[in-house]
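As written in TrEMBL, here are the features:
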DOMAIN    11-107  domain 'Mur ligase N-terminal catalytic'
DOMAIN    114-295  domain 'Mur ligase central'
BINDING   Gly116, Thr117, His118, Gly119, Lys120, Thr121, Thr122  ATP binding site
DOMAIN    315-444  domain 'Mur ligase C-terminal'
Amino acid sequence: MNELTVRDLGHVYLIGIGGVGMSGLAEILLRHGAPVSGSEVGDRPALASLEERGATVHRRHSPGHLWNADTVVYSTAIPDDHVELAEARDRGLPLLHRSEALAAVLTGRRAIAVAGTHGKTTTTAMITVALRAGGADPSYVIGGDVRTLGAGGLGSGEYFVVEADESDRSFFAYMPEVAVVTNIDSDHLDTYGDVDGLQQAFLDFCRRVRPGGFVVTNADDERCRRVAAALRAEGRTVYTYGEANGADLVVVGLSSVSTGIRYDAVLDGALVGAVHVPVVGRHLGLNSAAALLVAQRLGIPGAARGLRRFPGVRRRFELRGVARGVRVYDDYACHHTSMAASLTALRSVAQEHRLLVVCQPNRGYRVRQFLGEMAESLSRADQAVVLPVFGPGETVSAGCDGEALTAAIPLPEKDKVYARSGSVACAEVVRRVRRGDVVVTIGSPEMAMLAGRIVEALHEG
C-alpha cells in the first residue's frame, strides 16, 4: 500500500488542536501549506501562534466546524463519543490518529523516532538541538514545548525528529531510519498486560526501522539490553550508550555541577571530549548521551556544542520562579521512577535546605498499580502535599486515590498533607516554606498552572 503524504490529507481538521502534540503537528502541516482548522476548549499557549500562521481555531466543539474538512485528526485523549468525531464518521470523512497523520508528514524524510518510558520528550528535543548545531536543520515534532523551538518546526534538511509514544501503541505508525529507546519501565500495563508485553512492543517498534537504519538504546537499562540482544541476533544494527563499560558510547564521570551536568564521552574506546549540558539530573545527562550518539553515527558534527546551549523543555525540571528566597520548579514526572529521579536531582539543588513536593497523581491506574512505589518516591522530599488524582474519564476508587497515597507516604504526619484543591495546596506551600527551600510541582498537566500560582502567592506574601 502506498504511504500517505501531506498532499493526500487535503484540508485537515484537528480535534483538540491546542494540545502540545496536536499543535506541533498543526504547525508542521501549516508550514507544508496544508489548510488547517481545529477546535480547542479553553486557552492554550499555542493557539495564537497557529492562528497567526493561518489556522482557523474554534473555541468550542461543534459538528458544523467540519463543513470543509477533508481529513479529521484526533488523539487518544479524544473520547469515542465526541461530537466532532461522531460527525466525521457520519459523513464518512477519513479519520486519522495523530500518529498516522504525522506518519504522512514523515513520508520521504529520514525519520528519527524517539521512544521510551521516561525521557523521550527531552531526548527528542536534545537530538533536534544536536542536529541543528551540526547544520542539519531537521524538522521536528516534540511532545513538549521547547524554549526557542516550540513543539514543532519544519526545517530545510532531510532529517525529521519525532517523539514516538508507546502508551497507546501509536509508535507502530512509524517506519524510521533511526529508532531510539531511552528505557523500558513498568507503565501502561493496562494496554500491554504485563512488562513482558511492553518489552515485546518496544522490540517490535525497533523492528520497524528501515533497511540500512539503526537502533540506539540504553546500555544501563536491563530491558533495553534484552531488546538490543534480540535485534543483534536478527542481524540488525544497534548502538548503545550509558555508564556501562560495554556501551558504544560510554558516559564517564557523570556529575552535577553548578551550571548543569557534565561528563566525558568515550565513543568506540576513544575520548570524544567533555560534554556539558545546562540541565538538572543525571538521567537527563544520559538523554544527552543518546542525542550525541545519534549525531555521531549520522556523521553530523557539533552535537556537544549544541547540547551546551540546550534551552530546556517546559515541564521538565523547569524553574518557574524565585520568590522570598524559595525556588519553585515544575516537572512532568508522572511515573514513580521519574518522581524518584526528579526528587533525587532536586535534593542536590536544595542542599542543606528543605525540599517540598506538590503532587497531583496523573491517572488513577498508576496509583492503583504503583501506590507503594509512588509513596516511597515522594518520601524523598522533606514534605509532601498531595492533590486528588487527575483522571479524566476514569473512576478513581477509594484506596487508590490521593488520600490513600498521602497516608502511604513514609513521612511524619506533620510533613505530609492531602489538599482537596489547588487553592488549598497553594496555601499549604506558602504556610510551610522557609527561605532557601525548594518547591517542585509534579504530575498532571494542571500542576504547570499551580506552580505559577505558588510563585505569585509567595510574591504577594
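Using N, Cα and C of the backbone, Cβ positions are placed for all residues, glycine too.
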Helix, strand and coil residues within the domain 'Mur ligase C-terminal' (315-444) as assigned by DSSP: 51 helix, 33 strand, 46 coil
Other residues, Cβ within 8 Å of Gly116, Thr117, His118, Gly119, Lys120, Thr121, Thr122 Cβ centroid (ATP site): Val114, Thr123, Thr182, Asn183, Asn287
All-chain count of other Cβ atoms within 10 Å of Gly119 (ATP binding site): 23
The one of His118, Lys120 whose CB sees the fewest other CB atoms within 10 Å, among these binding-site residues: His118
Winner by Cβ contact number (other Cβ atoms within 10 Å) across the binding-site residues Thr117, Thr121: Thr121
Residues that sit under 8 angstroms from Gly116 (ATP binding site) by C-beta distance, when 6+ apart in the chain: Thr123, Glu166, Val180, Val181, Thr182, Asn183, Ile184, Asn218
For Thr122 (ATP binding site): intrachain residues, at least 6 apart, with Cβ closer than 8 Å: Gly144, Val279, Leu284, Asn287, Val313, Arg316
Local confidence of the domain 'Mur ligase C-terminal' (315-444) - pLDDT mean: 91
